[in-house]
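Please read the structure below before turning to the comments.
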Amino acid sequence: MMTVEKNKTYTVTIDDLSYEGLGVAHIEGYPLFIENALPDEEMTVKAVKVGKKFGYGKVIERFNDNPERQAVKDMDLLRSGIAPLSHLTYDYQLRFKQQQVEKVLKTIAKLPEVQVAPTLGMDQPFGYRNKAQIPVQKVDNQLMTGFYRKNSHVLLPIENYLIQDPKIDQAILVIRDILRRFNVKAYNERDNTGFIRHIIVRRGHYSHEMMVILVTRTERFFKGMEIAEIIKKELPEVVSVIQNINPEKTNVIMGREEKVLYGKTAINDTLLGKTYRISPQSFYQVNTEQTEVLYQKAIELAELTKDDIVVDAYCGIGTIGLSLAEKVKHVYGVEVIAQAIEDAKYNAKANGIENANYEVGKAEKIMPRWAREGIDPSVIFVDPPRKGLDEKFIEASVAANPEKIVYISCNPATLARDLRRYEDLGYHASTVQPVDLFPQTSHIESIVLLTK
Ligand code: SAH
């Protein structure tokens, strides 16, 4: 095999697109991953990183365009990983996601017979995110907001994030300018000094209520209240300004401690006609419009009746279970974040729902306990984080003997792994339905109904 050398240039043709949206070229079998490169495109590339099994290349000159290529407004959107598929037409993105699911069903799940439906996409696949978490750094002697270059902590100053609610983009600039005016110091990761680490903004898609969270390294916030008042004055939609304190040297964005600088401790929004309280630490799907499509589809697949006992595992603030509670006898929700369970309980009450119970804890611990207590679910909804289901949870869910399991997944690889386990334990997957919750990015959400 020819050895690929760092800093040397090669002429290649792209033959694949990785699940992260990087073009792949093989130089005598050695894979080189290349940003902003699409299948069938010929180009000269420079090898910038060369590992044992694969390397990374940088485009020097591209000789032709894939017909599905579209112009990228700002290359930093690719460089930062904010919108790694934005150089592809949206139709192609949707097909690409369907194919990615098909691939893992064959390779990981070994279930080639399971069909994958066309991805349900958005009419307007931009400006959809209801939440932004923006790092703050000192750049050119100024407090700067933007996004990290991929695999680094170099801040690329960005003002238009393409996929965020434009009102959120605008809010970030307003807040940045206020912080500059007050000479607030940006955090410095290298020596864990300075003050403002992140600006987090959430905006209710329907309510238009805005929450601003200023993540700081230390507690003492000189003129913090005054700054919060000015944020409110310049951004009238703001109903809550929270200071979150994170003293650790860590990549985890939020710390445990919180203080209200202005207004309420949470915002409200609506989903499928129900209102929800959303606290700073609670998970809430970032694409409200598509979440409604996702939940509707999941509920439709379950064909619920008034006799159904439903488990909503990994329930967050209760959105899935509360959307279907009126159709069934009872809902049991479980979730590991205490603040989210407080929200779920509050949300049940606020919507007049009395047949839902919630518990804080790990789903894999609570599920077996519920079984011992005689809770006998007929339908189990699961919506785990990227790492998928814990083996103990899978066993407990099968032991509970439900008629149906509805699996909502944000990671095809762990979905495929878990579908294999369920198949071996007697639960068979029907069609997988991808729903595009994250246009322009490589994230893939899908739903699948499992029956005995
Ligand atoms: N169903 C909700 C939340 C889905 S996100 C919605 O649609 O909004 C996944 C949720 O699982 C998060 O709220 C996360 O806090 C929670 N979680 C992560 N690990 C968990 C575990 N082991 N047990 C229970 N919940 C968990």
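Placement of Cβ uses the backbone N, Cα and C atoms for every residue, glycine included.
The model shown is predicted, which means the values in this text are computed figures rather than measured ones.
Feature annotation from TrEMBL assigns active site, nucleophile to C410. Positions annotated as active site by TrEMBL: C410. The S-adenosyl-L-methionine binding site annotation in TrEMBL covers Q285, Y314, E335, D383. If you look up TrEMBL, you'll see 3-61 marked as domain 'TRAM'.
Nearest neighbour of the residue listed as 'active site, nucleophile' by Cα distance, taken over the binding-site residues Y314, E335, D383: D383. Of all Cβ atoms in the protein chains displayed, 18 besides its own lie within 10 Å of the Cβ of the residue listed as 'active site, nucleophile'. Fewest other C-beta atoms within 10 angstroms, among the binding-site residues Q285, E335, D383, are seen around Q285.
Per-residue pLDDT, averaged across the domain 'TRAM' (3-61), gives 96. Taking a C-beta cut-off of under 8 Å and a sequence gap of six or more, Y314 (S-adenosyl-L-methionine binding site) has these contacts in its own chain: V334, E335, A363, V382, D383, P384, P385. Excluding the listed site residues Q285, Y314, E335, D383, the same chain places F283, D312, A313, C315, G316, T319, I320, P384, I408 with Cβ atoms within 8 Å of the centre of the S-adenosyl-L-methionine site Cβ atoms.
With DSSP states grouped into helix (H, G, I), strand (E, B) and coil, the domain 'TRAM' (3-61) comes out at 0 helix, 33 strand, 26 coil.
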